[in-house]
Amino acid sequence: MEQVVIVDAIRTPMGRSKGGAFRNVRAEDLSAHLMRSLLARNPALEAAALDDIYWGCVQQTLEQGFNIARNAALLAEVPHSVPAVTVNRLCGSSMQALHDAARMIMTGDAQACLVGGVEHMGHVPMSHGVDFHPGLSRNVAKAAGMMGLTAEMLARMHGISREMQDAFAARSHARAWAATQSAAFKNEIIPTGGHDADGVLKQFNYDEVIRPETTVEALATLRPAFDPVNGMVTAGTSSALSDGAAAMLVMSESRAHELGLKPRARVRSMAVVGCDPSIMGYGPVPASKLALKKAGLSASDIGVFEMNEAFAAQILPCIKDLGLIEQIDEKINLNGGAIALGHPLGCSGARISTTLLNLMERKDVQFGLATMCIGLGQGIATVFERV
C-alpha cells in the first residue's frame with residue numbers, strides 16, 4: 001500500500017466575519033488563491049498531473065454552492081481535466097477531504113491531490129437555511145442541534161467550571177498573539193488580499209480575529225450565551241466567527257520522490273467515529289483513541305496535539321479524558337486555537353493540520369495528532385509522522 005505524505009500546507013489569515021478583512025472577498029476567491037499558491041510553491045508538480053481536488057465546505061449554498069471545489073479550481077485556472085469535489089462532514093469537512101484523498105492514494109487510484117477547505121461565515125452564516133426534521137426529536141435530544149447547549153452539557157458532566165473555561169479561553173488568545181508576534185505563523189499564512197477598516201485594498205498576513213487584550217477578568221464579566229439562566233458558556237469561551245481557507249498538497253511518497261519534492265510528514269493513521277449528539281463535542285476522545293490504536297501508538301507517544309477549540313467547555317473534557325490535563329502547556333494547542341483564531345467550519349480541519357505540521361517541525365517531534373468534534377455527534381482524528 002502506498003505511503004501518503006504531506007508535501008506542503010498553507011492557509012489564509014483568519015478574517016473577522018463581521019466587517020472583517022474578507023468582507024468583500026468571496027469564498028471561491030479565498031480557495032482559488034490557495035490552490036494557485038500551492039502549485040506555484042511546488043513547480044515540480046504540473047497542475048495537469050493532479051488526480052483530484054477534495055475541498056471541504058459546510059454551508060454549500062449561495063457563493064459556496066454548486067460544488068465550490070470545482071468553481072474555485074476553474075478560477076485558479078487549474079486545467080479542466082482535473083476533477084474536483086466538495087466534501088461535507090460539518091466541522092470535520094477539510095480533514096475528511098484529507099482522508100478521502102489519502103485513501104485514493106493508498107489504493108493506487110491517485111498519486112497527487114490538492115485538499116483543503118473554506119468557510120465564509122460572514123457571507124454564508126452557519127444557520128443559513130438550516131431546517132431540521134421535526135421528527136428528529138424522537139431520536140435525539142431537542143437541543144442536540146444547538147452546539148452551545150451540548151457544550152454546557154459536557155461541562156456539567158465533567159466538572160468544568162466557568163473559571164476553568166475563562167482561563168482556557170484567555171490562554172488561547174495569549175498563545176495565538178505570542179505566535180503572531182514571534183512570526184510562528186509566517187510559514188503557514190499566505191498573504192491574502194482584503195480590505196482594511198477604511199475600505200482600502202491591502203494584503204493581510206496576520207489573523208485579525210485574535211484579541212490580545214483578553215484577560216480572565218474581562219471574560220468573567222460576559223453573560224452566558226446559550227443558557228442565560230444556568231449557563232457557563234459565553235461568546236468569549238466559544239470559537240470566534242471567522243472567514244478563511246486552508247490547503248494541503250498530498251501525494252504518494254514515491255511520486256514526491258520522483259519529482260524531487262521533500263515530504264513534510266506521513267499520514268500515519270485516520271479515524272472517524274460517532275457519539276451521542278447531545279455531547280457532540282466529546283467526539284475527539286473516541287476518534288483520537290481509535291487513530292492512536294490504528295497507528296500502534298499511545299497518547300504519550302504524541303509530541304504535540306492540535307484539538308479544535310469549538311468551546312472551552314468542550315475541549316477541556318476531551319483533554320481530561322485523553323489523560324492530557326497535566327500536559328496542556330507542553331503539548332496542546334501551543335499556538336492557541338479556534339477560540340482566538342476562529343472556526344471557519346469547512347476550513348478548520350486543514351487549518352489545524354497545517355498548524356500542527358509547523359509545530360511538529362519547530363518542536364522537533366516525530367508524531368502529532370489533529371482532532372476535532374463534529375456537530376450532531378462525530379469526531380475525526382489524524383496522526384501525522386514526520387519524515
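The backbone N, Cα and C atoms fix where each Cβ goes, and this holds for glycine too.
Listed in Swiss-Prot:
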| type | residues | note |
| --- | --- | --- |
| ACT_SITE | Cys91 | active site, acyl-thioester intermediate |
| ACT_SITE | His343 | active site, proton acceptor |
| ACT_SITE | Cys373 | active site, proton acceptor |
Nearest-integer angstrom distance between the alpha carbons (Cα) of Cys373 (active site, proton acceptor) and the residue listed as 'active site, acyl-thioester intermediate': 7
C-beta crowding around the residue listed as 'active site, acyl-thioester intermediate', within 10 angstroms: 32
Cβ neighbour count (within 10 Å, all chains shown) around Cys373 (active site, proton acceptor): 32
Other CB atoms, at most 10 A from the CB of His343 (active site, proton acceptor): 28
Cα-Cα distance linking the residue listed as 'active site, acyl-thioester intermediate' and His343 (active site, proton acceptor), given in Å to the nearest integer: 8
